[in-house]
Amino acid sequence: MVESLKILHQGRFVNEQLYIPLLLIFILAGFVKGVTGMGLPTVAMGLLGMFMPLPVAAALLVIPSFVTNVLQLFTGPSVRLIIRRLWLMMLLILAGTVAASSLLISIHPAWSAFGLGVALIIYAAFALVSPSFTVPEARERWLSPVIGGVTGVITGATGVFVMPAVPFLQSLRLSKDQLVQALGLSFTVSTVALATGLYLHDAFKVEQFSLSFLSIFPALAGMWFGQKVRARISARLFRQCFLLFLIVLGIELISRPFI
């Protein structure tokens, strides 16, 4: 396993010992996205972080995350409306992520995992409580860039781009379809920004791009299967189990600097 990590960190093709874990991780992450409409990068980053440095995990996520989120963005007719409403937030996500991506590269791997674990726990706990609140239009105008900037910094530092963008978007009184598209837009911009930051810091190499491209297929397969079973299971119960899983995974990640 140590040798596998060295190979990954050097940007070469992964050791065959990691192929099966990578395949299963992307299938599971795609399945979660298929059922809940989100969660692919969150699940994949948390699980990949158990096998490799976070910058490498983030690089492997770029292509499957981009493809699945672009598909989600174009699931409805409101793309232009969503972009016009959220363009400033997206711009700050882009700037914040690129600026903060150096943290993901430079911080010791154990403490990067700690930061990722904290982000997962905060998001999962917040989502479990599900506080209901609405942001008035007047406040949205100045909150939108603030939320975008904070989301960008957290994305750049941890590779996870759900907080605080997801709760904020859920508070904007968007229709169900518009919310799905808004989340797709936010995740797409975050993915592009993270890929840009990794590239600028020489942490996104050709070999990782190739493996990231291949990861599209298990992710899409899992997403397709998740969409098929979504109508047959309790989405609410599945979501609660998924969030509890994120908390357990987060606890494991935050324990790393101390063991």
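Heads up, the Cβ atoms here are built off N, Cα and C, so glycines get one too.
Not measured: the values here are computed from a predicted model.
Summarising the annotation, TrEMBL assigns transmembrane segment to 20-40, 52-74, 86-105, 111-130, 142-166, 178-200, 209-225, 237-255.
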Hey, which of 20-40, 111-130, 178-200, 209-225 has the most Cβ-Cβ pairs under 8 Å against the transmembrane segment (237-255)?
-> 111-130
Near the transmembrane segment (209-225), which same-chain residues lie under 8 Å Cβ to Cβ, leaving out any that are not at least 6 residues past its ends?
-> 13-14, 22-23, 26-34, 40, 59-64, 67-68
Go through 52-74, 86-105, 111-130, 142-166 and flag the stretch with the largest number of C-beta pairs under 8 Å relative to the transmembrane segment (178-200).
-> 86-105
